[in-house]
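Everything on this sheet refers to the single structure shown next.
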Amino acid sequence: MSHTVKIYDTCIGCTQCVRACPTDVLEMVPWDGCKAQQIASSPRTEDCVGCKRCETACPTDFLSIRVYLGAETTRSMGLAY
């Protein structure tokens, strides 16, 4: 089952999510929108196992990263009945 990893622009570029990911789904890329000048990116979502360690590791109060598991992806996008 595929999962969707969504990175929000509230990311502070701390790299906690990247270090927490056991399958190297995430990486940091250059971005001018925060003081750290980088933001998390999820180029390999097909490797996501849905453990949500990245969410747990995120130090922001507004969870800059979310993992939507299988059917949850459909619901979150308003595609379910």
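Backbone N, Cα and C atoms are what each Cβ position is placed from, and that goes for glycine too.
Record note: Swiss-Prot gives Cys48, Cys51, Cys54 as [4Fe-4S] cluster 2-binding, and the candidate from Cys14, Cys21 in that site is Cys21. In three-state terms derived from DSSP, Cys11 ([4Fe-4S] cluster 1 binding site) belongs to neither a helical nor a strand segment and is classed as coil.
For the pair formed by Cys11 ([4Fe-4S] cluster 1 binding site) and Cys54 ([4Fe-4S] cluster 2 binding site), distance between Cα atoms is given as 12 Å, rounded to the nearest Å. In sequence order, Val5, Cys17, Val18, Ala20, Cys21, Val25, Leu26, Ala40, Ile65, Val67 make up the list of same-chain residues 6 or more apart from Cys54 ([4Fe-4S] cluster 2 binding site) whose Cβ falls under 8 Å from its Cβ.
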